[in-house]
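Participant: Not my notes, these are from TrEMBL:
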DOMAIN    218-291  domain 'PAS'
DOMAIN    291-342  domain 'PAC'
DOMAIN    373-505  domain 'GGDEF'
DOMAIN    496-689  domain 'HD-GYP'
TRANSMEM  6-27  transmembrane segment
TRANSMEM  34-56  transmembrane segment
TRANSMEM  76-97  transmembrane segment
TRANSMEM  109-128  transmembrane segment
TRANSMEM  134-153  transmembrane segment
TRANSMEM  160-178  transmembrane segment
TRANSMEM  184-208  transmembrane segment
């Protein structure tokens, strides 16, 4: 049996090599199935050692065996140890393959194999005849190898591992016969070891193919991921030569993948930024830390655009061999930043500088000027803006502000600074290039306002103007601003009365333009209130106030939306509440006009009812001003006896009956009786229809 020793030594050497290979793979991957394969090979190596022990010294283990007899007593331990490895090698290999192929391990196979292995060892130690335990052992191992082979052949019918496992299983079937034929046992072991090495090599090939496939898939996923990113993903060597790029990178560089090695990223940075970019690249690679830098990019057509480059060093064997990172086009971000900066410094309505922008502009002027040139401040305040907003609405008020801003833009020079510094206030800062520049600018502004008002009489613009000068040297902006502001307010007090009167007249024109005040209504109403006032003996001053009230009592309706004002049907609760606001709006308008201020209270209360059912204060009886009670009767009569857009006129008799029925409810009973008397005494003959 000398031939057995070189066979075993050769098998041990090959097994040791495979064990080392598998162990190194395990250290790299830390996969559990590689650990199972490694242990299987190591146990197989131990089995070969035990088997070698049986043949050293020579003739210690006598072959051929007589399967009718037990194993010799002095060979029991090495033979039992060797037989255990016959079970553990295929079992551990099988478990590893199940995990590798993601197939659940069938536990009953493990239990049966363990049971047979225990029976095998017990038979050896109990000195049972060899055939009693070797036959179930062989059958169990053959089935285990066939089941193992099926795992691989199900995945791939051409699997070399599967066929090696089948061949090994078939080879095991001849074991009970070979051991009875002298030297045949050595050749049997040689075939067995060759098949085991084939199995190990086949599994190794499967593993490496699987790892390569995973690596390829991982690279493909990474490429997909990087291609899906909106930014440029790149990798360069230390000279800036492109070694990897995603799809957007080639669009960015206007190149193809074939051009990859020919592209130097530094060529796509403007010349003035290029030295700094190269220096930063060296710092990143030397410091081995990531960095974020902003540069001006350069396209092939010469256009420039801002970019941010985020880069980290590529480390190989502890040394930086290049850089990888992102290139982000921040043009849109910069545009948004500029827009935000513009919006933070400019008034959105007029597009002039706001107070914040004015402050920065003045600081810049003072810094560059350094007191060499004086400065003038012009402060402009739009008169009556709040009144216009409250009555005609903010849209009209905004239109007035835009008109004022437009005029200011027209009369200022490029070196002047114009800003809207408050709701109705504007400021013009003028470098004093000559002594008369500020007064001339004020006159130009006033002339432009006059021209605008002649062209737009429906919405005249009134601006109070003040200015102050600082001839040079150290300029105190705050005191200069205050001086101009004080001057402007003096001007406002000087001509504020006439400007407010003009606004009130504008509001009346607006009310007429909306066709709410029908033709002749104010004249008829004035005539009616005069008849009633004369009948009860009111003074001339009271009659004059009544005539004004008849003309302006509904001026507040200029601030009510047309959809409510001209609604033909009844109002809902919200519309009614909105309509009732016209008394308050009219009151504010009248308070703003010297000509109407004394009747503002009457305008506010002219919808109160005798029984307290009116609005806005729910006043009753004598608490309601007499002028309001008179107007209520006259207004109701005229409204009923004249056509309106939403209804036809009543007859005089029907109107009088309606007024009489509301005496003590809506109207003063005493005044109703006087009004009826006037009608009976011949009101029609005096021109009232």
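The backbone N, Cα and C atoms fix where each Cβ goes, and this holds for glycine too.
Curation does not apply to TrEMBL; its annotations are automatic.
Help me understand the surroundings of these features in the structure.
Facilitator: Summed and averaged per residue, pLDDT over the domain 'PAS' (218-291) gives 83.
Taken residue by residue, the domain 'PAC' (291-342) breaks down under DSSP into 12 helix, 32 strand, 8 coil.
Proximity of distant same-chain residues to the transmembrane segment (34-56), defined by a Cβ-Cβ separation under 8 Å and at least 6 residues beyond the stretch ends, is recorded for 1, 4-5, 8-9, 11-12, 15-16, 18-19, 22-23, 25-26, 75, 78-79, 81-82, 84-86, 88-93, 95-96, 99, 189, 196, 200, 203, 207.
Within its own chain, the transmembrane segment (76-97) has Cβ neighbours under 8 Å at 32-37, 39-41, 43-44, 46-47, 50-51, 53-54, 61, 105, 109-110, 113-114, 116-117, 120-121, 124-125, 127, 137, 140-141, 144-145, 147-148, 151-152, 196, 199, 203, counting only residues six or more beyond its boundaries.
For the transmembrane segment (109-128), the list of distant contacts is 70-71, 73, 76, 79-80, 83-84, 87-88, 90-91, 94-95, 134, 136-137, 140, 144, 147: same-chain residues at least six beyond its ends, Cβ to Cβ under 8 Å.
Only residues 6 or more beyond the boundaries of the transmembrane segment (184-208), in the same chain, are considered here, and those with a CB under 8 A from a CB of the stretch are 1, 3-4, 7-8, 10-11, 14-15, 18, 21-22, 25, 34, 37, 41, 44, 51, 63-64, 89, 93, 97, 100, 152, 159-161, 164-165, 167-168, 171, 174-175, 178.
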Participant: Do any residues, 6 or more residues outside the transmembrane segment (160-178), come within under 8 Å Cβ-to-Cβ of it, and if so which ones?
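Facilitator: The answer is 67, 131, 134-135, 138, 141-146, 148-153, 184-185, 187-188, 191-192, 195-196, 198-199, 202-203, 205-206.
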Participant: Counting each residue once, how many in the domain 'GGDEF' (373-505) are helix, strand and coil under DSSP?
Facilitator: 73 helix, 27 strand, 33 coil
